[in-house]
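A.B. asks: So TrEMBL lists these for the protein:
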| type | residues | note |
| --- | --- | --- |
| TRANSMEM | 19-35 | transmembrane segment |
| TRANSMEM | 42-58 | transmembrane segment |
| TRANSMEM | 64-84 | transmembrane segment |
| TRANSMEM | 134-161 | transmembrane segment |
| TRANSMEM | 182-207 | transmembrane segment |
| TRANSMEM | 227-248 | transmembrane segment |
| TRANSMEM | 269-288 | transmembrane segment |
| TRANSMEM | 326-343 | transmembrane segment |
| TRANSMEM | 363-383 | transmembrane segment |
| TRANSMEM | 395-416 | transmembrane segment |
| TRANSMEM | 422-439 | transmembrane segment |
| TRANSMEM | 451-470 | transmembrane segment |
Amino acid sequence: MSDNSRWSAVGVSGVDPTWLSPLFGALAAVAVFQFAPLARDASTMLAITVFCIMLWVRSPVEPWFTALVGIGLIGVAFSPALALSGFRSPATWLVAVGILVGEASRQSGLAGLVEELARTRMSDAASSDATTAFRYLLVTSCLASLALAVLIPSSLVRVLILGPILLSLGDLFTERRAKIGLFLGPLFATFYGSSGVLTGSLANIIVTGLVESAAGLSISWTEWLRWLAPVMGLGRVLVVIGVTYLLYRPRDADALDAPKRSESVGVNVTAEQARMLVFLLVGVAIWVTDFAHGLHPLFGALVVALLAFAPKIGVVDPDAVGEADFSILFFFGAIFAIAAGLQQTGFTNLAAETLLSQLPTDVSLPLVLVFVVVISQLLTLVMEGLAVASVLTPILVSFSNTVGVPLVPIAMMEAVALNTYFFPYQSAVLVAILGMGAVDSVELTRMSSAIAVATLLLLVPIQIGVFLMFF
């Protein structure tokens, strides 16, 4: 996941401004440690968090390097058990196995098959103009990625499967900006569009599960779809398409490496490609039946990886493991360790309760929903989104009972906010995208921030208006 351009900006004649972030991060951490009105362990954990965030946002070094620094600081300040707690998370190992599945998809030729199908299915107009081809492929792949959210119940799994395929699809273009757009657009579509599908996002599942356990309120799959799918499902995908097209459409109409339709020939599917597709379908079968067996998505990915690397029936040689880059796992370990540390020291509960205490008890539903979005967004600045869900949801249930506001729209808006991020470190899914090495953290932040701003300023008011009409 190297980014040579990042290092090349540092020279003898000058200093890259990003290298000032460790200094500013250290100063901010010292200020938090000395002056934050918190218990000593909470201020220590928050100081470590602030320092790591400064480095992750500005990226003077690779994210995994900052993650190792954070893990080391937590281990010294607290305990090795807390520092390494992130590596016990199923999500961390889901990414590890997903990297293997992605490598198998690439080496088996399945990703290349999708590219070849795209080449032979485009119209003459699309195959002769890069902008037309980009628009066609962007729209179709984003809508297909949204449909995949209905089948596979984890954004992380979908991203890990789609990533290698989209990278290969981007090879149709000679401009890097178009390659990035075709890579990021569908990934954000399947990630953010899953807000409208109850089982499409782990944040949705965690929020509804905690609401049911704490308040006895069960939100059904169809109820979730009815309220959120039009605006936060399809609407968000349309926003993703629009933002991606504005940021990454090709500048050169000839920046296309695709044959005209008349030159296209039939696509031959190899035995390895067919077997890899079957293995992925086995994984999909495990994921879509999780309501029956209750297994974490990790185990579906594990079955796919075992089949892909198995002797005799597999599609790649076991030596392919050596070509996979697992450095992103340190990033996962760090963000989950930070989340655990903030919870263990009581910071997250204190922060959530303090923020909610600022809201009067006689407020209207729209103001409550806006406040829920703001609180969720603020908490995701210091901890991973899924950890925020586990901390904030029980507090919101209690708050709903106190002020007499319907819990369903509160829970849904919390889930929407927890699927809206500005920086990669805020979400395990964004970390996984970063780990594929196709984009750096600055490019990913640019895309994520643009979609987040459009969501908060355009879609959130519309969704609140929908709730106001019916609640």
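We count from 1, first residue shown onward.
Note: Cβ is positioned from N, Cα and C throughout, glycine not excepted.
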A.B. asks: Could you name the stretch, out of 42-58, 182-207, 363-383, 395-416, with the greatest number of CB pairs under 8 A to the transmembrane segment (326-343)?
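C.D. replies: When the Cβ pairs under 8 Å are tallied, 42-58 comes out ahead.
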A.B. asks: Test the contact criterion for the transmembrane segment (363-383) and the transmembrane segment (451-470): 3 or more CB pairs under 8 Å, pairs 6 or more apart in sequence, then answer yes or no.
C.D. replies: yes
A.B. asks: In the same chain, which residue numbers or ranges, 6 or more beyond the ends of the transmembrane segment (422-439), come under 8 angstroms Cβ to Cβ?
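C.D. replies: Non-local partners: 1-2, 52-53, 56-57, 63, 91, 95, 98-99, 102, 155-156, 159-160, 163-164, 167, 179-180, 183-184, 187, 191, 325, 327-328, 331-332, 335, 380-381, 384-386, 445, 447-449, 452.
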A.B. asks: Most CB pairs under 8 Å with the transmembrane segment (227-248): which of 42-58, 134-161, 182-207, 269-288?
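C.D. replies: Most Cβ pairs under 8 Å with the transmembrane segment (227-248) come from 182-207.
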A.B. asks: Name the range, of those listed as 42-58, 64-84, 182-207, 269-288, 395-416, that has the largest tally of Cβ pairs under 8 Å with the transmembrane segment (134-161).
C.D. replies: 182-207
A.B. asks: Using a cut-off of under 8 Å between C-beta atoms, tell me which stretch among 42-58, 269-288, 395-416 contacts the transmembrane segment (182-207) the most.
C.D. replies: 395-416
